[in-house]
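Below is one structure, written out as structure tokens; the observations come after it.
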């Protein structure tokens, strides 16, 4: 998912707070960040993901507005977190 953000202009470099971000979201698109895994594997050790991530990004040809999604909004599901037991070595 990627979001199109708009709203009133801001000064260059001025950030928008998390609390105000929802007011500026216009809509959503599907997005795919393409990676060249063969190049990424070769360059990862000295550089990290660098040229392997520079091939392209595609987005869907339509924007779904937040107003169009409003009838489908639901409450968040409660997340149940289970504590992980520490790893144990077996000899």
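Note that Cβ sites are derived from N, Cα and C of the backbone, with glycine treated the same way.
Listed in TrEMBL for this protein:
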BINDING   33  Ca(2+) binding site
BINDING   33, 53, 57  Mg(2+) binding site
BINDING   40, 44  substrate binding site
DOMAIN    12-71  domain 'Fumarylacetoacetase-like C-terminal'
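Cα to Cα, residue 33 (Ca(2+) binding site) and residue 57 (Mg(2+) binding site) are separated by 5 Å. Summarising model confidence by region, the domain 'Fumarylacetoacetase-like C-terminal' (12-71) averages a pLDDT of 81. Around the Cβ of the residue listed as 'Ca(2+) binding site', the number of neighbouring Cβ atoms within 10 Å comes to 10.
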